[in-house]
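To keep things clear, I will list the structure first and then write my remarks on it.
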């Protein structure tokens, strides 16, 4: 009698590493974690370091750190000096030559945070793809997260790449982002851009859908518990529905005359609206990077210039944009030494 004993298959280093990365632990690592965790750690650490210690005196002529007296709303990691162009500003590059202090003064931390932040966001999206595949569900979470990634990449990377340097990107700070919004309005008339309009419709529409959906579900919960708190009547593993889709459909049919009767369409619509808003606004920002114009009603501008009594909300906004450009440019770009004589500063038609 012959007994054959099978030899266990050889496990290579890749299989061992794959098992370790995908092990069930409190914080899942996975292959995406190799990209996500180091880049997110460095991006957040760089931002905390910059807002705490690093000045923007050499790049923007302003104070931007807690050390200089800023608070959480006014501190920022500022963009590099305009003279740096689109350099990656590597610490060991020709600009800083390994000098960490000089690297910080030139704005190297901004490039560091922006690039590591972009890769961290991509790593987080890949993490959602990876876990969805392991759990056996569809990857719509990752697809939805492509919206914020598109906005980050278009605003912080694509826009300054279309301009003369990284200097014109937003700095990483609350007040700094507000300044960038004013800049986009003054120099690009961004609020009148159709892609901005689609973005606003998507984001605010998504918020409205979220509020309506949450309220409707709360309105139509089944009375399936004796407790005073209705939340205690729900069990995550229960098989039966927790709210009545039929009742919700009847309610909104009476309100609007039309309502979703399919939960799958309803939730896809709630996914589609805000994500499309993010995507379209990202496309618009790329248009601004190329200095494309949208909705310039020149005929109204010409008539307003010829007729002091003719003015529209559009022409008033154009004057405001001129004011933003004239008063913002000297303060925002001190290295250019802009000086505007009084006669070229914008004045209303009635003045």
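Using N, Cα and C of the backbone, Cβ positions are placed for all residues, glycine too.
Per Swiss-Prot, the feature transmembrane segment maps to 39-59 (among others); the stated evidence is sequence analysis.
DSSP classifies residue 116 (chlorophyll a ChlzD2 binding site) as helix under the three-state reduction. The annotation chlorophyll a ChlzD2 binding site is assigned in Swiss-Prot to 116.
Feature annotation from Swiss-Prot assigns transmembrane segment to 123-139 (among others).
The pheophytin a binding site annotation in Swiss-Prot covers 128, 141 and rests on sequence analysis. A helical conformation is recorded for residue 128 (pheophytin a binding site) in the three-state DSSP classification.
Under the heading transmembrane segment, Swiss-Prot lists 151-164 (among others), citing sequence analysis as support. Below 8 angstroms of C-beta separation, residues 79, 82, 85-86, 114, 117-118, 121, 170, 278, 281-283, 285-286, 288-291 of the same chain, each at least six residues beyond the ends of the transmembrane segment (151-164), sit close to that stretch.
Marked as chlorophyll a PD2 binding site by Swiss-Prot: 196. In the three-state DSSP assignment, the secondary structure recorded for residue 196 (chlorophyll a PD2 binding site) is helix. Around the Cβ of residue 196 (chlorophyll a PD2 binding site), the number of neighbouring Cβ atoms within 10 Å comes to 22.
Non-local neighbours of the transmembrane segment (206-226) in the same chain are 232-233, 240-245, 247-248, 251-252, 266, 269-270, 273-274, 277; each lies 6+ residues outside the stretch with a CB under 8 Å from one of its CB atoms. If you look up Swiss-Prot, you'll see 206-226 (among others) marked as transmembrane segment.
Applying an 8 A CB threshold to same-chain residues 6 or more apart, the list for residue 267 (Fe cation binding site) is empty. Positions annotated as Fe cation binding site by Swiss-Prot, on the basis of sequence analysis: 213, 267.
Taking the Cβ of residue 213 (Fe cation binding site) as reference, residues of its chain lying under 8 Å away and at least six apart in sequence are, in sequence order, 266, 270. Residues or ranges marked as plastoquinone binding site in Swiss-Prot (evidence: sequence analysis): 213, 260.
Listed by sequence, the residues of this chain that lie at least six past the ends of the transmembrane segment (277-293) yet keep a Cβ under 8 A from its Cβ atoms are 146-148, 150-151, 153-155, 158-163, 184, 188-190, 193-196, 198-203, 205-206. For 277-293 (among others), the entry in Swiss-Prot reads transmembrane segment, with the evidence type sequence analysis.
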*Residue list, the transmembrane segment (123-139) vs rest of chain: Cβ under 8 Å, 6 or more residues beyond ends.*
22, 28, 30-33, 35-37, 39-40, 145-146, 149
*residue 260 (plastoquinone binding site) to residue 141 (pheophytin a binding site): how many Å between their Cα atoms?*
22
*Using a Cβ-Cβ cut-off under 8 angstroms and a sequence gap of six or more, which residues of the chain neighbour residue 128 (pheophytin a binding site)?*
139, 141, 142, 145
*So how many other Cβ atoms are close to residue 116 (chlorophyll a ChlzD2 binding site), meaning within 10 Å of its Cβ?*
20
